Amino acid sequence: MTSLFFEYTFPLIIIALKVVAITVPLILCVAYLTYVERRVIGLMQLRRGPNVVGPFGLLQPIADAVKLLFKEPIIPTNSDRILFILAPMITFILSLIGWAVVPFAKGLVLADINVGVLYILAISSLSVYGIIIAGWASNSKYAFLGAIRSSAQMISYEVSMGLVIITVLLTTGTLNLSGIIEAQRTIPWWIDLMLLPMGVVFFISVLAETNRLPFDLPEAESELVAGYNVEYSSMGFALFFLGEYANMILVSAMTTTFFLGGYLPPFNISWLDCIPGFFWFAFKVGFLLFCFLWIRATLPRYRYDQLMRLGWKVLLPLTLFWVVLVSSVLMYTDHLPSV
């Protein structure tokens, strides 16, 4: 009986503890990212932001969570009740399970699988289903139009995002996210310089993927009231909200992993190795999240035709050309990784 416990039950307990250790801090980070966003945008607009609930407004996310938790969930009369309830759950769960393959530091990863890149792409592709189901189940033309916009936008920019990732795979030779980070220790500086434009394209693509400004067409308030979540209140709205911000942190972590060296120090200086890798990872992710907030505070919303033109007529040809360019240069200079 003891051997059965150690062989089957004990590993499951360890996995459950790891999941809790990732999920709980992530939800706290998501809650306080909303606070940081309101403070940063307030400063950029020369106002204070939240400053009443607790010292410096630090308890504002908790007050918001309590308010949403105790509000009455209202389900529209002619909606599909089951799908209406399931949609925000799907969106929130998918935003969490992507973290399973993210390496926070050397050896600090829940599932160090050899197809981590494919796993991330699969999760990002599935996230559109929660939004589509929410728009359709709400039985509202505004919600449905927002969901259609979101699906078209996410599918359009996933193409260029996938091609950008191919350029990274050409230089690193692995689908394992930890392997991609470790490969960046030895990549020549000129290859990093060649990947820099693709890093910018990837960041633009994930802005569209997460429906953030200047690409927040699915929830354009002036046109669609609130988009696909217009009929949601209480915890349904909260789960969509948490999912959006968890996805923001996830795509920032992916950008860090692919282009900024993940948990590696930014410079090859010996004393920087004394600082834990998790600190560097968190610092880089925090910088990218600040860029998200900066863009939201400064840039206007694109028109929908401009959004699609940018995705299909600018970013897609550019990434296709860059895949050919990178592969040709790597082959000519004999820097193609051995797989």
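Every residue gets a Cβ built from N, Cα and C, even glycine.
Keep in mind that what you see is a predicted model, and the values were worked out from it rather than measured.
In Swiss-Prot this protein carries:
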TRANSMEM  10-30  transmembrane segment
TRANSMEM  50-70  transmembrane segment
TRANSMEM  82-102  transmembrane segment
TRANSMEM  115-135  transmembrane segment
TRANSMEM  161-181  transmembrane segment
TRANSMEM  187-207  transmembrane segment
TRANSMEM  235-255  transmembrane segment
TRANSMEM  275-295  transmembrane segment
TRANSMEM  310-330  transmembrane segment
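Within the chain, the transmembrane segment (50-70) has long-range Cβ neighbours (under 8 A, six or more residues past its boundaries) at 31-32, 34-35, 38-39, 42, 234-235, 237-238. Long-range contacts of the transmembrane segment (310-330) within its own chain (CB-CB distance under 8 A, at least 6 residues past either end) are made by residues 153, 156-157, 159-160, 163-164, 166-167, 170-171, 191, 194-195, 197-198, 201, 204-205, 208, 302, 336. Long-range contacts of the transmembrane segment (115-135) within the same chain: residues 83-84, 86-91, 94-95, 97-98, 100-101, 143-148, 150-151, 154-155, 158, 161-162, 165, 169, 175-178, 180, 209, 218, 228-229, 232, 240, 243, 247, 254, each at least 6 residues beyond the stretch ends and with a Cβ under 8 Å from a Cβ of the stretch. Within its own chain, the transmembrane segment (235-255) has Cβ neighbours under 8 Å at 26-27, 29-30, 33-34, 65, 68-69, 73, 84-85, 87-89, 91-92, 94-96, 98-99, 102, 120, 127, 130, 134, 199, 202-203, 206, 209-212, 229, 281, 285, 288-289, 292, counting only residues six or more beyond its boundaries.
The list of residues near the transmembrane segment (10-30) in space but at least 6 beyond its ends in sequence, with Cβ under 8 angstroms from a Cβ of it, reads 96, 99-100, 110, 242, 245-246, 249.
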